[in-house]
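Please read the structure below before turning to the comments.
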Amino acid sequence: MSSPSKRREMDLMKLMMSDYKVEMINDGMQEFYVYFDGPNESPYHGGVWKVRVELPDAYPYKSPSIGFVNKIYHPNVDEMSGSVCLDVINQTWSPMFDLVNVFEVFLPQLLLYPNPSDPLNGEAAALLMRDRASYEQRVKEYCEKYAKAEDVGAAPEEKSSDDEEMSEDEYDSSDEQVAGKADP
């Protein structure tokens, strides 16, 4: 590889040409979303997550930053921020890995084999250790509530349908207020 930026471009192109939907955040190639399906044979099956990926300047020598945008119930994912506690990504990353590995190996392994002894979500970890059936039921509830394919596009700001319920009069009046302000 001639440079980290060439490698970043190659890895991103490889990811875009795979089966994953990739949505760029800005004009650069350092921040983007990837739509990730929950693995088969897991309580996450059927869920779709929008995962934010940030590539550091030193990528591939430094690991990407990975975070779930829509909520997921998992011991190794912070429920509020969506940040992932993933050893392979955060500590044992190697330039041999690429972005496709993150979505084909690392994240599926994380969801299939949670590590309750190193939690970011203590409640999920405790429930998993205490009552696996209840944990799996809670995972499925979160999938149904936060990870439906048709809803995942609304996840970044967690917009509710309230925005859509404004009447045309409300939209018109707010437009007039903004347009009506003149410079002194």
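Backbone N, Cα and C atoms are what each Cβ position is placed from, and that goes for glycine too.
DSSP places the residues of the domain 'UBC core' (1-148) in helix, strand and coil in these numbers: 56 helix, 25 strand, 67 coil. As annotated by TrEMBL, domain 'UBC core' applies to 1-148.
Per TrEMBL, active site, glycyl thioester intermediate is recorded for Cys85. Taking the Cβ of Cys85 (active site, glycyl thioester intermediate) as centre and 10 Å as the limit, one finds 17 other Cβ atoms among all the protein chains shown.
Residues or ranges marked as region 'Disordered' in TrEMBL: 149-184.
Annotation comment: TrEMBL describes 149-159 as compositional bias 'Basic and acidic residues'.
Marked as compositional bias 'Acidic residues' by TrEMBL: 160-175.
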Average pLDDT across the domain 'UBC core' (1-148), rounded to a whole number: 91
